[in-house]
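Residues or ranges marked as ATP binding site in TrEMBL: GLY217, ASN218, THR219, GLY220, SER221, GLY222, LYS223, SER224. Marked as domain 'FtsK' by TrEMBL: 200-383. The annotation transmembrane segment is assigned in TrEMBL to 25-44, 50-71.
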Amino acid sequence: MQWRQKDDFIEVSAFSSSIPLRYRWSFLLAVLSVELIIFLFIIGQLVNGFLHIFVFVSYCYLFTSTIYKFVMYRKTNWENSPYSLIKRFINDNRLFLEEIQVLGKDSNGKAVKRKVITESVFILYKETPNELIIRFWKNGDKWNELANASSNKLSAIFGLNCTINDDIQYCDYIFEKVLDNRLHLSHGIPKTNGTIIQVTEKISYDVSKVSHGLTIGNTGSGKSVWIEYKILVYAQMGAIIYVADPKSADLSLLKYVHGFEDRVVSEPNHIARVLREVTEIMETRYRQYFSEVSAFGKTFVDFNLPPVVLVFDEFAAFIKSADKKLSTECMSYLYSLILKGRAMGCFVEIILQRPDSSILDGALRDQLGCRTLLGTASKEATMMCFGSSSVEHKSISVKGGGYIKIDGQGEEKYFETPFMKDFDFIAELENIIYKRQ
């Protein structure tokens with residue numbers, strides 16, 4: 001059997017054995033034959049008629065039990081096993097080459113020919129209690145392009161959604177066997193661990209390492225709840241939060257919360273003032289804490305500085321509606337914050353209803369460490385949010401469902417934003433602020 005171990009991965013190819021011995025029907029036949037021999041031997045030693053009946057009934061039970069257990073064991077551990085399914089994937093898609101070889105001649109002098117597999121794709125897999133990883137090696141052969149283009153077929157075979165980790169030498173398809181769960185916030189938000197934002201039960205990121213955020217979603221996609229949750233988490237961190245809401249929508253109501261009175265703005269001139277203020281905080285921190293060699297590799301966390309967060313709603317609408325001089329000034333501040341703000345703990349959370357590459361180009365987008373696209377989106381929106389991607393996005397019907405990409409955590413993956421049922425966002429925010437005073 002050609003199950004070669006590579007870093008705990010098991011290799012499967014067209015050369016691999018079709019069925020391991022312990023799953024073959026011939027193995028069952030051998031076991032039943034041994035049971036029959038033992039039964040006949042015992043019967044031959046008995047003279048008591050009652051014992052004959054007892055042994056015969058016992059043998060019948062053993063016979064049927066053996067067959068049942070073998071069939072169930074084979075079905076559970078083989079027919080639906082990763083090895084079997086990958087082997088079937090290789091065979092069904094003809095991921096191998098064959099040639100006819102002459103083995104010799106028969107008694108009549110005719111050539112004896114047989115098809116022989118000469119080349120095959122090699123696929124590895126590793127299974128853990130939580131996930132299944134399928135790895136395609138990139139060997140520069142005819143199957144090289146297949147390595148990055150098998151997500152749909154593999155997802156259909158295993159019945160699981162997958163994420164892709166694309167490397168130069170290989171491509172990993174990662175299937176989660178234990179589904180992720182969204183957070184439920186009916187009884188308040190979970191306590192923040194340092195600078196960690198808990199997105200779902202399994203997804204989280206550290207804002208001291210992954211800075212800035214981008215959220216794109218149409219009306220009704222759940223982006224408001226997602227941003228409200230992030231504001232609450234930032235508040236738990238003790239962050240200084242600014243809000244720019246040029247349309248004077250829901251977020252503008254935060255100006256009635258204690259401590260937010262002067263930090264929630266809607267007018268263009270006031271938005272420019274807030275951007276200038278946050279930029280000045282960043283520059284002041286740089287001069288005070290990061291102007292000596294001893295600060296090398298450190299961040300705001302090492303100096304016990306609170307995060308400073310600017311939540312900018314309907315950013316594109318503001319840039320297009322403001323006069324050219326003001327929008328140019330604001331874009332200058334924004335570029336500076338995004339490119340230099342991480343170490344100083346100054347972050348920007350940008351919210352867009354529709355993607356617009358003329359406002360947010362690819363170079364700036366890639367500096368936003370956590371990007372979320374909520375609801376069913378067009379290819380243009382997907383490209384705007386994530387850039388080029390090999391992930392196939394499914395249609396989304398769940399409010400708050402979407403895709404998230406976090407720097408250092410591979411390609412975007414499906415997630416659902418925290419669920420807020422009977423939840424008073426303003427009251428929770430005031431409660432957090434009160435506790436931190």
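Indices start at 1 and increase along the chain as displayed.
Heads up, the Cβ atoms here are built off N, Cα and C, so glycines get one too.
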Least buried by Cβ count (within 10 Å) of the binding-site residues ASN218, THR219, SER224:
THR219
Let me check the 10 A CB neighbour count of LYS223 (ATP binding site). How many other CB atoms are there?
24
Hey, which of the binding-site residues GLY217, GLY220, GLY222 is the loneliest by Cβ count within 10 Å?
GLY220
Determine which residues of the same chain, besides GLY217, ASN218, THR219, GLY220, SER221, GLY222, LYS223, SER224, have their CB within 8 A of the center of the CB atoms at the recorded ATP site, and list them by sequence.
GLN353, LEU374, GLY375, LYS399
Just to be sure I understand the packing, how many Cβ atoms besides its own are within 10 Å of the Cβ of SER221 (ATP binding site)?
24
Indicate whether GLY217 (ATP binding site) is helix, strand or coil by DSSP.
strand
For the domain 'FtsK' (200-383), would you mind checking the mean pLDDT of the predicted model?
89
